[in-house]
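Chemist: Below is one structure. I have some questions about it.
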Amino acid sequence: MKVAFTSLRQPARIARREREYHSGVVLSKLVARLPYPSPGVQRAVAVAAVISQAGIGVTGSIVRVTGSGLGCPTWPQCFSGSMFPVDHPEYAALNQWIEFSNRMLSGVLVVVSALCVLMAMRIQQAHPGRRRLVALAWTMPGGVVAQAVLGGITVLNDLLWWTVALHFLASTPLVWLAVLFLRALREGDEPPRWLIPPLGRRLLAVMVVLLGGILAAGTLVTGAGPHGGDPDTPRLQAPIDTLVTVHSGLLIAYLIALAILGIQFVRAGVPAGLWRRYGVLWVITLAQGGLGSLQYALGIPEALVSLHVLGSAVVIVATAVLWCAARDRGPLPYAGRPTAEAELATAD
């Protein structure tokens, strides 16, 4: 029976593989018809990916502080039977449009993510071997799907604090990956050669872990705070002072690791470009910490909440930039344009 069952599955498996093969061939041929992206276009698309991935967290914070989280009470439609806001006695028009606009940013993310994939595939066709670039590009649409699913779960669960936290945290690694994608467009694919000693590498890894902890603790502070996205949303039942202390403590640990990393830079004699990125990270992190302290001292005003979320995205970007600058993957194996031989191979 087992042999017979296995034999019955073989034709279906073969048919599925054939469909996957043919769909891949069709996509490859379509990509080959696209013009080769210039360095300026490559940079513009990658920067758009970084900005859009960071922006979705900021617009989400605007939804929360304005109490617009349930301005569109259903998902994926705004109201049952309508994708758009409608006149409704229980839902203010402003709240509807704020939430609707936040959802529309997902459409922008879809477009930018698709452009990243198509661009990376076109580059890989002209310059075989750029599989890492293509893999990084595919994380963009994959992340958009995850964000959309978590967004739907958040709305359908009436903005429970932990669903809101997961929805925000899902966007943070995508900001990091978008920075890696931007960097990959300008570097080779050799194994990374680190420009800092082993202790420096470990400190960078510790900083990444601490940054994740800072972001997670920040979502707990938000969950216990007054801005839940809807006045009737239950909040996290935990002392906010304690959560703020944990959040601040993780930031202090991050700054200590950053300071020790600077000592490693001095000992290793790192390039000036790495020092510049290190200094930028210090300025951004201190500004973000000061903004958080001011926000807490003033009673968590709405505008500062959104600015603090924006600051968290900028810290992620600056940390990722420092990470990338600390290792060398060699130069691009080409001058930015495809060779004639590669273009002929692509056309075939």
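Using the three backbone atoms N, Cα and C, a Cβ is placed for every residue, glycine included.
What TrEMBL lists as transmembrane segment is 104-121, 133-153, 159-182, 203-224, 244-266, 278-298, 304-325.
Give me the lay of the land around each of these features.
Modeler: Below 8 angstroms of C-beta separation, residues 43, 46-47, 49-50, 53-54, 56-57, 60, 64, 69-70, 116, 120, 133, 136-137, 139-140, 143, 146-147, 150-151, 153, 212, 215-216, 219-220, 222-224, 228-230, 233-236, 309, 312-313, 316-317, 319-321, 324 of the same chain, each at least six residues beyond the ends of the transmembrane segment (159-182), sit close to that stretch.
Residues 196-197, 199-200, 203-204, 206-207, 210-211, 213-214, 217-218, 220-221, 274-275, 278, 281-282, 285-286, 289, 292-293, 296 of the same chain lie 6+ residues outside the transmembrane segment (244-266) yet bring a C-beta within less than 8 angstroms of a C-beta in it.
Nonlocal intrachain contacts for the transmembrane segment (278-298), taken as residues 6+ away from its ends with a CB within less than 8 angstroms of a stretch CB, comprise 244, 247-248, 251, 254-255, 258, 261-262, 265, 304-305, 307-308, 311-312, 314-315, 318-319, 321-322.
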Chemist: Is the transmembrane segment (104-121) packed against any residues at least 6 beyond its ends, judged by a Cβ distance under 8 Å, and which are they?
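Modeler: Sequence-remote neighbours of the transmembrane segment (104-121) are 27-28, 31, 34, 37, 41-42, 45-46, 48-49, 52-53, 55-56, 59, 130, 133-134, 136-138, 140-141, 143-144, 147-148, 151, 181.
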